[in-house]
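Take a look at the structure set out below.
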Amino acid sequence: MALTCTDMSDAVAGSDAEGLTADAIVVGAGLAGLVAACELADRGLRVLILDQENRANVGGQAFWSFGGLFLVNSPEQRRLGIRDSHELALQDWLGTAAFDRPEDYWPEQWAHAYVDFAAGEKRSWLRARGLKIFPLVGWAERGGYDAQGHGNSVPRFHITWGTGPALVDIFVRQLRDRPTVRFAHRHQVDKLIVEGNAVTGVRGTVLEPSDEPRGAPSSRKSVGKFEFRASAVIVASGGIGGNHELVRKNWPRRMGRIPKQLLSGVPAHVDGRMIGIAQKAGAAVINPDRMWHYTEGITNYDPIWPRHGIRIIPGPSSLWLDAAGKRLPVPLFPGFDTLGTLEYITKSGHDYTWFVLNAKIIEKEFALSGQEQNPDLTGRRLGQLLRSRAHAGPPGPVQAFIDRGVDFVHANSLRELVAAMNELPDVVPLDYETVAAAVTARDREVVNKYSKDGQITAIRAARRYRGDRFGRVVAPHRLTDPKAGPLIAVKLHILTRKTLGGIETDLDARVLKADGTPLAGLYAAGEVAGFGGGGVHGYRALEGTFLGGCIFSGRAAGRGAAEDIR
């Protein structure tokens, strides 16, 4: 996606940049930064957007995303028979977040405000700007605990028609041909300028030009220095998911041992640099030990960035086994509790788990996260989408991983499957009898219409929802049924993704100091601010909330900065 708005070249020498003036500087050209820039430009202010990557990377992580949005009591939900409400969504959010620290004051305020937004103007505000929504609503993070615990009580995951690129383009279009908006790509901020207890600008390094494709690592060779001044600086630079050193440094003790093997769900430039830079300028950083990493990562056979992993978005039917071949405990079923599963895995002493399933399940229940893995949705090709769903066999991108992925094995018998699993590199040899016992016990539970097995009960409950029955969840059946074969196993890795803590802000996205007062002139939005306040999600997320958090906090930052400048 190329910008056609007024755009600086990728490398502008410091002397050439000195004459540029702006009312506000936005650090980061991802979704939160673009939304903030739109709000500033709409109010007639001059905006300079700085980013360390080239113009191919405008939109940041949002461009790569599935485009999922958390909406409450939407027309899409109601058409599918889902009865949602603000009260139910807030109950789910607070039960999931489990705020329990003194520093959670502002994150909890943001949580209330965000649920208000999701249940109120979020859909209409985005629709007015061009958002189109796929009609089926997904059910992510189903929980499985009590009514006040973690999880979505109802489906709320709304997919942008066109996925991440279409969502990014909504705000890119607003910035096109605006003479008051300038981009400075390959400009890496190294320092926030603080004068008289206020942030008044930025200093940094001009990096050599890069023509690397989106997401690929780029050079950090310096070709100059820069300094820009403005009345407001908005930090919207993303989290730490591409920086495994920082992920490990901030790994929470409650989550067990630090994984030795990690895949990256985000490009290397998601490095978290600006969190430390803002902290040095006086910003309070809270909840750095809260993070969101997926447990269903698979190695990308065609990587774009280092250790590139793709997340499986699973339906609920696969049998989930740990590295020793033992079934994960209730309610750690596919798609129910990401962080609970992560904690179990890290405390097991291993960094991987297994899905055991069959062709019938993978055909309907495997989706891959990311716009590039969903060409029908991303390309807004309805005919292709309908054909792929009606066609026998898995969607094309899933089939490609079955054929080429290093983490997939298949066989006609369970004994042959376990033997193939044991042939994969870096695995603890599985005992066939242990795996067979788990599979056999599970298969006995599908003979009747009732069951004591929590996963089978959850599958049947899911199929009462039309969206799941039609397009997401297969009818319970024996994994070893020859008609559903062949059997398939997938080795699953831990995949880095989101930073849930970050720079502390008030509801106007003003950055706060350790004493709780605003650091004048500085604002933060998106993942660098924990998607709002320094951690709007608390310990866990409900999904569809990360893009929405960037939009909501970016909007707040743009409006807050504009108000203060005026």
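Positions of Cβ are set from backbone N, Cα and C atoms, glycine also.
On a predicted model such as this, the values are computed, not experimentally measured, just so you know.
Lifted from Swiss-Prot, the feature list:
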| type | residues | note |
| --- | --- | --- |
| BINDING | 23-54 | FAD binding site |
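What Swiss-Prot annotates, mapped onto the structure for a quick look.
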| residue | record | contacts (Cβ under 8 Å, 6+ apart) |
| --- | --- | --- |
| D23 | FAD binding site | L40, L45, R46, V47, A230, S231, A232, I565 |
| V27 | FAD binding site | G33, L50, D51, V189, V202, V233, I234, V235, A236, S237, M274 |
| L31 | FAD binding site | G59, G60, Q61, A62, L167, V168, F171, G526, L547, C550, I551, G554 |
| V35 | FAD binding site | F171, A525, C550, I551, G554, R555, G558 |
| E39 | FAD binding site | G554, R555, A557, G558, R559, A562 |
| R43 | FAD binding site | A562, R566 |
### Summary
The correct three-state DSSP answer for R43 (FAD binding site) is coil
### Task
May I ask you to report the DSSP-based helix, strand or coil state of D51 (FAD binding site)?
strand
### Summary
Around the Cβ of V47 (FAD binding site), other Cβ atoms within 10 Å, all chains included, total 29
## Note on the structure
Row D51 (FAD binding site), column other C-beta within 10 angstroms, all chains, value 26
